[in-house]
């Protein structure tokens, strides 16, 4: 659930890339030992005691979806720091050549020897518009410089959205992988691994969407003919972010079912990029709903329909969903329950206590009817996941890639009894029922990774009147995935560059919760998102230190200040090509 940045890379499409930055000629006798610079003596450092939290930054206003869009910090193109002699020694190389040198010479592990990986590998999300509508790589020079920078910082790889609406845009079974082929080859050249997201949803109208990529043209034509292919609320409002799961198995898309379309897309991707699978492409994240998440589009931001922290609304009023509800009610011997969803569940921006259905005392959610409806509604979502995962695991069997599924971190009103926003999204999680264990068990049946958001958030940063509790939610998911023996991966929900957020990610990714094995950690963390602000000198220095701490793992004993000092020296040495990446992205 990423939040929009005023200067997100996506807004820079079509602009001219700045000329290549050079550092000028230097004497060939100048030398520098980068590893020595990295291991500079660290005297008189005050280190936090083990487990001692970093001091929180001033957060005004709170980091919520309503305020985070204004937190972007831009690097001025005029920033030209004075280079140290060590950095000047690299002046005879282009910034990109310097990156190659540093990648080979900087020792991330003590002694510089390659050894078995430990810790949590960090990936970085690419801009949503990394591939253009013309199926080419967007801002190619900026992308090239940025990938070099990420690799130099110890980043494991990148996450790329592979948009259904771009690749199969014009006609069924007509796939154009042009821009993706080039982008994946760039990642391979820089030695970066790739998490490829099969993005079967629309980009635009959701939290953090910085560009517009609709569903394929031929799909939207079918929706125009049959609007019930779109998710629908009780007021008849249609949502075009993702096809309703109610028609998953019906041949409504020119003779194919939606699940067949998703499977054919994944099969075509596999066949086109089989030479990269298992080596460069190491993970396939399968989109299962809006924003690529396994959920209903219960809190759409488009046209101001929903605003944080509203409870959202049930999305079960298209004819296909209602037909399923009717059949379930008849099977339960309660046909009167099958004509509609709850009619007393309020509106998108209500709070739980505003509604008869979600209120804590005597609420409909905790009645036999409520239990029937919520069981059906959440089970439909689980079955949707089962269908698509069955296809994905079959298609990529033996390809050497992980399959993952993204689950939304819906933390607002988590402290209430009914957990209304989770219920409308399809997660049947209440004070009396664990809604994440069934999801984890479903993923376990297919050997898939559980990818979860809001890892960077702390409870006190969120509006307490809305009883937000992201830390408690992350803990619940950690326990559920541990019980189901499913690997857990994470993402941050909002753009954050401060040490306080980084420290929270480190703590959450260590999975130090009651009942967790001592050696268990998240299997990966994906950082949101590559943009000009990431390459601002202070942000980049903190990010480099954060990646190093993540790579070292939960057993590391070194303090944050020590790693920060090392990162500062490293950033100083690598300034030329970091500067190139920042400048290229801003123009």
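The backbone N, Cα and C atoms fix where each Cβ goes, and this holds for glycine too.
According to TrEMBL:
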BINDING   161, 201, 209, 406, 411, 453, 492, 493, 529  substrate binding site
ACT_SITE  293  active site, proton donor
ACT_SITE  491  active site, proton acceptor
Residue 529 (substrate binding site) and residue 491 (active site, proton acceptor), Cα-Cα, nearest whole angstrom: 10
Neighbourhood of residue 411 (substrate binding site), C-beta criterion under 8 angstroms, separation at least six: 454, 457, 462, 468, 469, 470, 473
The residue listed as 'active site, proton donor' and residue 492 (substrate binding site), Cα-Cα, nearest whole angstrom: 14
Residue 491 (active site, proton acceptor), number of other Cβ atoms within 10 Å: 24
